[in-house]
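As recorded in TrEMBL, the features of this protein are as follows:
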BINDING   ASN9, TRP10, LYS11, GLY173, SER212, GLY233, GLY234  substrate binding site
ACT_SITE  HIS95  active site, electrophile
ACT_SITE  GLU167  active site, proton acceptor
Amino acid sequence: MRRPLVAGNWKMNGTRASVAELIEALGQQEFPESVEMVVFPSCVHVGQVVSGLADSAIAVGAQDCAAEPGFAALTGEVSASQLVDVGCGWVLVGHSERRLILGESDEMTGRKFKAALACDMTPVLCLGETLEQRQAGQTLEVVGRQLASVLAIAGIGSFEKAVVAYEPVWAIGSGLTATPQQAQEIHAAIREQLSHEDKRIADGVRILYGGSVKAENAAELFAMADIDGGLIGGASLKANEFGAICRAAGN
Ligand code: PEP
């Protein structure tokens, strides 16, 4: 039985004041105990959110980490070991905004994934195709290649602790959501690819859906067999919406 997980990606949003308000508002939400929750604030707010959510059931993650796990001459980067030191146990790797806007390669994503695990963090590996790739019928090939490159670098055993997020790029921040059936098809294919290496690990891996998830569409997505929760962008900045999505995952 896979425990549902709802993750909030706050992206490059927030000030100390607005983050304090969001922490306060999250504290007023009812969250189901059956659902695991984590939020990913901007790196500069991680310490504030770790302190602010210390008494809550919500864990804190970072949106990225360096490919080198420990101290290194790597100006501007933040290592997984530094994130652990400030109380952060989770990290997003390979978000499409990093792949497509910042040019992060499959190989770099794999190295970051491995670095996170080396520091005992839980990486959330983001995979997904662009609209052009979907329209060209390349979705399974693209997502399969992104996953294969991480498997080649980190091995199937690493998925014992990791989480996967399928996020079609065309659905992120666009208001367009994949239908539950479209998402389920890709989630099942991801699990199938992992099961070729190890069925037990594949059956245990949580695969989140991300892309314009809101309170109103969460329940039908989470009802699908291979959708184990969501990675939520815009809607995670509103405590009411995030709370409602978490409650949908608990039903
Ligand atoms: C995301 O950026 O991971 C995401 C899913 O964003 P949104 O929910 O805003 O589409």
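Heads up, the Cβ atoms here are built off N, Cα and C, so glycines get one too.
Just so you know, TrEMBL annotations never went through curation; they're auto-generated.
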Cβ within 8 Å of the mean position of the Cβ atoms of ASN9, TRP10, LYS11, GLY173, SER212, GLY233, GLY234: remaining residues of the chain near substrate: ILE172, ILE232, ALA235, SER236, LEU237
In the chain carrying the residue listed as 'active site, proton acceptor', residues 6 or more apart in sequence that have Cβ under 8 angstroms from it: HIS95, SER96, CYS126, LEU127, GLY128, TYR209, GLY210, GLY211, LEU231
DSSP three-state assignment (helix, strand or coil) for ASN9 (substrate binding site): strand
Cβ packing number for GLY173 (substrate binding site), 10 Å threshold: 12
Cβ-based isolation winner (fewest other Cβ atoms within 10 Å) among the binding-site residues GLY233, GLY234: GLY234
Most crowded position, judged by CB atoms within 10 A, among LYS11, HIS95 as recorded positions: HIS95
Neighbour tally for TRP10 (substrate binding site), based on other Cβ positions within 10 Å of its Cβ: 21
Least surrounded among the binding-site residues, given as ASN9, SER212, when other CB atoms within 10 Å are counted: SER212
